[in-house]
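Report on one structure; see the data block that follows.
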Amino acid sequence: MPQSLGNLFILAAPSGAGKSSLIKALLQNHDATEIHNNEMQVSVSHTTRAPRPGEIDGVHYHFVSRKVFQELITQDEFFEWAEVFGNYYGTSKVVIEQTLRKGIDVFLDIDWQGARQVKAQIPDTATIFVAPPSREELMRRLTERGQDTPEVIQDRMNKAVSEISHYHEFDYIVVNDDFTAALAELDAIVSSRRLRKEKQVMRHQSLFENLLASD
């Protein structure tokens, strides 16, 4: 993909690590709505699962049938796609590329498999792994929701351990023990990516041309 002003970020984490809360708080700190503003936004994925109460098509997800999803796969419309808990999820190529060209940072909320697929296609992607502070705390967070059976909780715990085993594949690691500290670390990562030479030259090209102009 051609160089773009916007930055692509991937956040991956086991269920219960607090990844979604961190993304939401980061965008709110930058005067965003829950999912987007003029400088950063969360990618809206396609999925075959049914909408949950309060979810809006095109805002939280693009809800499609399995048949439509399979057609999009055949047409090579996704950067990455995966089956999670019996449902398909995918990230649209066109939407991501158009958003980055506008200079808007994009956050992908995907697992390690998706991160690997996207990184292979866009090496400049910043991958961030959000980890819980301990195994005990992770189990507590999974249990306190009060929505799942012990079997479901154990299944999520097993999948969490599998996700954590790939932490070494990521560029950055944020341990979400103290939420405020974890949010500050995430914000620092975003700032550092924006301040890289390549991005600053694109952003301030006219400035440097003026500074270096002959009298």
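A Cβ is built for glycine as well, from the same backbone N, Cα and C atoms used for every other residue.
Database features, via Swiss-Prot:
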type    : residues                                               : note
DOMAIN  : 6-191                                                  : domain 'Guanylate kinase-like'
BINDING : Ala13, Pro14, Ser15, Gly16, Ala17, Gly18, Lys19, Ser20 : ATP binding site
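Where Swiss-Prot records a feature, it is marked here on the structure.
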residue: Ala13; record: ATP binding site; Cβ contacts under 8 Å, 6 or more apart: Lys19, Phe129, Val130, Ala131, Glu163, Asn176
residue: Pro14; record: ATP binding site; Cβ contacts under 8 Å, 6 or more apart: Ala131, Pro132, Leu138, Lys159, Ala160, Val161, Glu163, Ile164
residue: Ser15; record: ATP binding site; Cβ contacts under 8 Å, 6 or more apart: Leu142, Arg156, Lys159, Ala160
residue: Gly16; record: ATP binding site; Cβ contacts under 8 Å, 6 or more apart: Pro132, Leu138, Arg141, Leu142, Arg156, Ala160
residue: Ala17; record: ATP binding site; Cβ contacts under 8 Å, 6 or more apart: Val130, Ala131, Pro132, Leu138, Arg141, Ala160, Asn176
residue: Gly18; record: ATP binding site; Cβ contacts under 8 Å, 6 or more apart: Val130, Pro132, Arg141, Asn176, Phe179, Ala182
residue: Ser20; record: ATP binding site; Cβ contacts under 8 Å, 6 or more apart: Asp109
Item to check | Near-site residues: ATP, ref Ala13, Pro14, Ser15, Gly16, Ala17, Gly18, Lys19, Ser20, CB cutoff 8 A to centroid | outcome: Val130, Pro132, Arg141, Asn176
Item to check | Integer mean pLDDT for the domain 'Guanylate kinase-like' (6-191) | outcome: 91
Item to check | Neighbour count (Cβ, 10 Å) for Lys19 (ATP binding site) | outcome: 23
